[in-house]
Structure formats: C-alpha cells, structure tokens
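> The structure is given below, and queries will be raised subsequently.
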Amino acid sequence: MAEDDVPTKAAAAEDVYTKDGTVDFRGNPAKRNATGTWKACPFILGNECCERLAYYGMSSNLVIYFKTQLNQTSAVAAKNNSNWGGTCYLTPLLGAFLADAYLGRYKTIASFSIIYVIGMTLLTMSASVPGLKPTCSGKDNCHANGGQTAATFIALYLIALGTGGIKPCVSSYGADQFDDDDEVEKKHKGSFFNWFYFSINVGAMIASSVLVWIQQNVGWGWGFGVPAVAMAIAVVSFFSGTQLYRNQKPGGSPLTRIIQVLVASVRKYKVKVPEDKSLLYETADAESSSIQGSRKLDHTNEFRFFDKAAVEVQSDHIKDSKDPWRLSTVTQVEELKSIIRLLPIWATGIIFAAVYNQMSNFFVLQGTLMDIRVGHSSFEIPAASLSIFDTLSVIFWVPIYDRVLVPVARKYTGHKNGLTTLQRMGIGLFISIFSMICAAVLELIRLRSVREHNYYEYEHMPMSVFWQVPQYFLIGAAEVFTFIGQLEFFYDQAPDAMRSLCSALSLSTVALGNYFNSILVTIVTHTTTRNKNPGWIPNNLNYGHLDYFFWLLAVLSVLNLGAYLLISKWYTYKKTVGTLR
C-alpha cells in the first residue's frame, strides 16, 4: 500500500497501518506521543486486576463450593475443579485464533468480556435465587438437584468461554503498546510483563482474603455477586482507555498459513533444497513480509524439510500469481519452525502447572482439617484464604526482581533483562520442587499427629493452618520466575502475526496441567483403593496419604526440570530481518 493510500484514522480502535500491519505514525509524531506506552497501560492493568479479582474470587474456593453446596466427594470436587480450571486455560486457543486471524485483540477482548459478565451473573443467580440455588438444612448440609447443578456448570463454562477471549489477548495487547523498533519503549516492555503479573496478584489477594471470607461467613450469593461487579468494572476500565490504545491489524488465519507450509512441503518432498538460502522464495520488500502485521523472519537451519515449501518451481504459479498451497515464503516457513521450537519448552510447563493447581485443590482440602483460628482468638480464617500468601509472595518478589535482581544480574551477564527468559523459567521450575517437598513434609507430620492422638474424626486438628505458609510462599516465588518468564518468552518468540495464539499456547500449559492433575488423581484413586483400602485421597484425608501424592509431584518436577535443562540448551531464538539477534 502506498503512503497516500493509507486510510484516514477515525478512532483509536481503527488505527492507520503500514503495509506490514503495524500502526503508522509517519508524519504524525504527536499522535505517536499521545497513544500507547505507559499512558495506555493503566487501563489495561486495571482491567486485568478486576478480571482476576473476579476469576479468583470464585475459583479460589470453588472446590469447597462443590463439596459443601453441591454435596460432592473430595476426589470428585477436585476433579471437577481441575476440569473447569483446565477449560478456562484451553478456551484461549479459540480467542487467540479469532484475535490473530479476524477480530484483532481489541474487539476480541471487548466481545468476550460481555460473555464473561453474563456467566458471572448466572453464577450469582445459581447461588442466590430460590429454586436455582442448592437446598440446605444447615450451613454446609446442602443438596443440589440435577437442574441446580446444571445451572452452576452452565454458568461456569460460560465464564470459561469468556475468559478464553481475554487471557490470551490482554498481556499481548499491553505489550503491543510498546514499539519493538524503539529501543526506549522496547526496554519498558519487559518491565510491563512484571507489573502485569503484579496487577493479577493484587486482584488475587483481595479475592483470596475478602471474597473467600464473604463466601464462608456471609453467603455464596454475595461471594459470587461481588466478583460479578468486579468483572463489570473490568469492562468499564478497558473501554475507558479506547482512545489511547495502539492496535495491530489481524494478519489472517495463522492455522491456514501453517497448513499451507505443511502441504507445500509434502508436495515437494522430492525437491532438493538449495544450499544458498537467498534462492528460497520471499517477498521483495526489505523488511515487511506478505503477512499483515508481521515483519520478515530470517532463515534458520533447523527442520530443513519445511524449506522445500519455499523452493520455487514452475508448477507453483497459476497464471501470474503464486499458488499458496504450493509455494510459501521463507517467513511463512519460519513461522511454522518457530511454533515447533516452542513446543518442547511449552510441554515442560505442564508439570509446573499441575504443581500450581494444588493451591486451589489439595492445599485447600489439607488446610480445612487443620486449626483455622488466628492465634488463640475465636476468629477463623477460611483455608482457601491461605492462598493470599502466594499472592503476597508474588507482590513481594515482582518489585525485588524488577528493581534489584535485574540490575544486579545485568552487570554480570550483560543481558538487557539481566537473565534470559529461559534462565528465568528454569529457576522457577527449581523453586517449585521445594514447594511440593514442603507440602509433603507438612502432611507427613500432620498425619503422624493424627495417628498418635486419634484425631481421625476431628473437624479441625490442633495444628495451625499457618504451617502451610511456606508451601504457598514458594509457589508464589516460582510463579514470578516461571509464569512471568513464560508470558514474555512466548510473546517475544512468537511470529508477529501469531502473538495471541502463542500467548494462548503458553496458557494452555495451565489447562493441560489441570487435566493432568485430574487424570493423576483418577489413576492414584483407582490404584490405591484396591482391596477396600482407603487410598491416598479418601473423602476424609485423615485416613489417607496425601503426602505420597505430593512426593509424587515432587519427583515428577525433578524429572521435568532435567528435561527442561536439556531442551533449553537446544533452543534457537527467533531473529527478524534487520535485527542483530
């Protein structure tokens, strides 16, 4: 598109674009200075803070709701919670596809937020409206019929759909506000991911303290109603910044481009790839690719079979145009290679996600059997509220990492971010092992006390729930390294027109971690309950061996860390045309 063909800008949500799909500020530096960077970020961070408050406001204590209000057993409640949580991190693949291919991130976030609010409203009604809410004869002596249970799960899965359009887009959309071609703005982008995760945990802290207490002591109607209001505030916050946002044009279906490369490669399986990479097909423009919103990618030597798709032969052309199912550009081929290179790193996040999942499952169930009083007072803290120490850990470590560790590490490594994202994620995987060890040791000591003093049928044994603090705090520290590292790594290493999709790919490790945890619980329950044994995870955990389950996760985490170290040594970083790295 020639410069004089660029359409006139009408609103912030419809930016002017260069031919590579990025925002065009040529001839209008005042517009550049008036949009994006930290000016736009408060609205995005405010949206994320309120949305996460809403999400954690219901999810932190959901396993208790399943058990006490829907009358489900510990194992069933844990599996249903894991399955729903997994779906919340799998639907982002749909939202990311729509954002990258058709809608753009702004419209995707806006439309899916409406679905989210509808789901939150229905969930509130299912816990407060007579006929929809479970029938209770006491505080925790409740029964839900099929229709009431269905209403709850319809609401929850509407929320899972709504979050699918928000999760993969918000972090990428915030990063879009910083220009990769501006060294000053690019430096701030790494800091954005730290403060983005900080805002998540501010919302989570309020949810795991105030909202969990409301659910346990005031009622589930109010406990779900307040998160619904928080989600409405999140939507208002997002729309309030509309005029300040920088937007990137969607680049068409990334899945179609990937399939085209695969088809073209297979069709040319007999074709020899030339040694001179300059002979491979690419558009003539110096840096811009044929894909909307994407810069050219340099050729890499891995997975040379797919280079066959970029070898030009006579049959690739139909009249005067090329057949995209027979001939792909080097950038298209490198998009596929980038995804393939990300997959092994992605896979190592699944075990970490299963460890993280324990906070909303077995950590909570473990805590409910302990002394939940604060000191010697009669004030009781819900077991799910202990997750506030995970949040406090994140809030503590994010500024320490951003303001202390990064500058110190930068002096020794020379890297602009102090540590590479791969190094950062590896440290988090290492820390997570000790969280599971702490949980296992605590449960071992707790069960020993149960057996010595016959506390089997006690509702709360005389052992303070605050002994759980170390395991929560360690998971929080691991999050700061691994989850934030993942956010930055998958954004940075994603092809320009696939950033939402790659963010969703990163989030899908949490989904698969939840599903993995659910499968693991099923296998362990089936295996350990033979011959009428109570098993590791009975309904009353005082008769079980939850410590064995934590030890199992610790061993899996050690093996996972070993695999990660091998994979990270093999990884080749993405390089765009015109960059030094």
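We count from 1, first residue shown onward.
Quick reminder: no glycine exception, Cβ is built from N, Cα and C everywhere.
Below, the features straight out of TrEMBL:
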TRANSMEM  109-129  transmembrane segment
TRANSMEM  195-214  transmembrane segment
TRANSMEM  220-239  transmembrane segment
TRANSMEM  339-359  transmembrane segment
TRANSMEM  379-401  transmembrane segment
TRANSMEM  422-445  transmembrane segment
TRANSMEM  465-484  transmembrane segment
TRANSMEM  505-528  transmembrane segment
TRANSMEM  548-567  transmembrane segment
> Any chance the transmembrane segment (422-445) and the transmembrane segment (109-129) are in contact, meaning at least three CB pairs closer than 8 A with a sequence separation of 6+?
no
> Does the transmembrane segment (109-129) reach the transmembrane segment (465-484) with at least 3 CB pairs under 8 A, where each pair is 6 or more residues apart?
no
> Can you name the far-off residues of the same chain, 6+ from the ends of the transmembrane segment (339-359), with a Cβ under 8 Å from a Cβ of it?
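Beyond its ends, the transmembrane segment (339-359) has Cβ neighbours at 82, 85, 258, 302-303, 387, 390, 422, 425, 428-429, 432, 435-436, 439, 472, 475, 478-479, 482-483, 486, 489-490, 493-494, 498, 502, 505-506, 508-514, 516-517, 520, 550, 553, 556-557, 560, 563-564, 567-568, 570-572.
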> So which of 195-214, 220-239, 505-528 has the most C-beta pairs under 8 Å when paired with the transmembrane segment (465-484)?
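So the stretch in question is 195-214.
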> What residues in the same chain, six or more past the boundaries of the transmembrane segment (220-239), come closer than 8 Å to it by Cβ-Cβ distance?
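Non-local partners: 43-44, 46-51, 53-55, 57-58, 61, 65, 69, 109-110, 113-114, 116-117, 120-121, 123-124, 127-128, 133, 203, 207, 211-212, 214.
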> Are there residues at least six beyond either end of the transmembrane segment (195-214) with Cβ under 8 Å to its Cβ atoms? List them, or say none.
41, 44-46, 48-57, 60-61, 170-171, 174, 222-223, 226-227, 230, 381-382, 384-388, 390-392, 394-395, 398-399, 402, 476, 479-480, 483-484, 487
